[in-house]
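Just below is one structure, and these are the notes that go with it.
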Amino acid sequence: QGPFGPGCEEAGCPEGSACNIITDRCTCPEVRCRVYCSHGFQRSRYGCEVCRCRTEPMKATCDISECPEGMMCSRLTNKCDCKIDINCRKTCPNGLKRDKLGCEYCECKPKRKLVPRLS
């Protein structure tokens with residue numbers, strides 16, 4: 001998912017990539033493409049490079065003023081992404097809660113209630 005969707009531990013990752021448990025974001029597989037692209041490769045909705053050329057150069061960095069409050073400009077994807085709270089020392093068995101933008105904050109998710117399945 002993009003920066004506004006659930007993290008990869010909850011939503012999974014596309015084929016060929018893995019979930020980084022520290023950032024809760026998908027890591028991108030290496031692009032193996034025999035095409036030279038003067039402006040670099042296009043990116044998928046996950047922010048991973050794909051074997052298609054960009055038609056114009058990518059901006060050096062996105063503008064922080066373009067990002068909603070509580071988010072930052074990612075140099076990797078040139079998109080607004082969640083800030084990671086490096087001061088949060090909580091160990092949460094069900095993960096951290098997320099705000100309305102899909103960003104984690106330093107509060108544990110409650111225990112999941114088990115609902116019996118009907119046969």
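Positions of Cβ are set from backbone N, Cα and C atoms, glycine also.
Residues or ranges marked as pyrrolidone carboxylic acid by Swiss-Prot: Q1.
What Swiss-Prot lists as disulfide bond is C8-C19 (among others). Of all Cβ atoms in the shown protein chains, 17 besides its own fall within 10 Å of the Cβ of C19 (disulfide bond). According to DSSP, C19 (disulfide bond) sits within a strand segment.
In three-state terms derived from DSSP, C13 (disulfide bond) belongs to neither a helical nor a strand segment and is classed as coil. Marked as disulfide bond by Swiss-Prot: C13-C26 (among others).
Counting every protein chain shown, 20 other Cβ atoms lie within 10 Å of the Cβ of C28 (disulfide bond). For C28-C48 (among others), the entry in Swiss-Prot reads disulfide bond, with the evidence type similarity to another entry.
The domain 'Antistasin-like 1' annotation in Swiss-Prot covers 28-53 and rests on sequence analysis.
The feature disulfide bond is assigned by Swiss-Prot to C33-C51 (among others), with similarity to another entry given as support. The DSSP secondary structure for C33 (disulfide bond) is coil.
In sequence order, V35, C37, S38, H39, G40, F41, Q42 make up the list of same-chain residues 6 or more apart from C53 (disulfide bond) whose Cβ falls under 8 Å from its Cβ. Annotation comment: Swiss-Prot describes C37-C53 (among others) as disulfide bond.
What Swiss-Prot records for C62-C73 (among others) is disulfide bond. On its own chain, C62 (disulfide bond) has C73, S74, N78, K79, C80 as residues at least 6 apart in sequence with a Cβ closer than 8 Å to its own Cβ.
Its own atom aside, the Cβ of C67 (disulfide bond) has 18 Cβ atoms within 10 angstroms in the protein chains shown. Residues or ranges marked as disulfide bond in Swiss-Prot (evidence: similarity to another entry): C67-C80 (among others).
What Swiss-Prot records for C82-C103 (among others) is disulfide bond.
With helix defined as DSSP H, G or I and strand as E or B, the domain 'Antistasin-like 2' (83-108) counts 0 helix, 8 strand, 18 coil. The feature domain 'Antistasin-like 2' is assigned by Swiss-Prot to 83-108, with sequence analysis given as support.
Residues or ranges marked as disulfide bond by Swiss-Prot: C88-C106 (among others).
Taken from Swiss-Prot, the feature disulfide bond applies to C92-C108 (among others), supported by similarity to another entry.
Listed in sequence order, E104, Y105, E107, C108, K109 are the same-chain residues at least 6 apart in sequence whose CB falls under 8 Å from the CB of K97 (heparin binding site). Feature annotation from Swiss-Prot assigns heparin binding site to K97, R98, D99, K100, K111, R112, K113, L114, V115, P116, R117, L118; the stated evidence is sequence analysis.
Across the structure, C106 (disulfide bond) and C92 (disulfide bond) are spaced 10 Å apart at their Cα atoms. On a Cα basis, K113 (heparin binding site) lies 46 Å away from C33 (disulfide bond).
Each residue in the domain 'Antistasin-like 1' (28-53) gets a DSSP state, and the totals come to 0 helix, 8 strand, 18 coil. Neighbour density at the Cβ, taken as the number of other Cβ atoms within 10 Å, is lowest among the disulfide-bonded residues C26, C108 for C108.
Across the structure, C82 (disulfide bond) and C13 (disulfide bond) are spaced 17 Å apart at their Cα atoms.
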